[in-house]
């Protein structure tokens with residue numbers, strides 16, 4: 001595998017070029033090799049905007065009761081209260097993560113924890129709905 005040999009040689013070559021050109025403000029470990037060019041940034045932004053636009057359309061033909069996590073969890077809470085044996089026999093606690101997964105993933109498409117003004121997971125509406133549902137389950141079980 002020559003990849004281990006390639007990296008140091010490239011660094012050595014770049015260092016020699018910097019020394020010959022008189023660049024003195026380079027800080028070791030800070031490389032601009034991974035920086036995107038303006039056309040690449042524009043292409044990425046267009047692609048990102050397309051994905052976000054498409055994600056808004058995913059549930060547009062779904063009844064509001066079935067694309068809102070809080071409403072879905074309320075239906076399960078009602079089921080548990082009215083028919084506890086049936087609810088228990090259906091192993092709902094095992095099914096809910098798979099059921100909610102696509103709904104949560106759509107809401108997380110635009111989430112970026114590396115941005116300065118990102119929303120904490122605990123502040124997101126879906127997180128609070130799941131948390132309230134879990135608290136309600138714990139209260140009713142005790």
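Each Cβ is built from the backbone N, Cα and C atoms, and glycine gets one as well.
Residues annotated as compositional bias 'Basic and acidic residues' in TrEMBL: 17-30.
If you look up TrEMBL, you'll see 31-40 marked as compositional bias 'Acidic residues'.
Across the domain 'GCF C-terminal' (70-128), the model assigns an average pLDDT of 91. Annotation comment: TrEMBL describes 70-128 as domain 'GCF C-terminal'.
The region 'Disordered' annotation in TrEMBL covers 17-40.
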Helix, strand and coil counts within the domain 'GCF C-terminal' (70-128) (DSSP): 43 helix, 0 strand, 16 coil
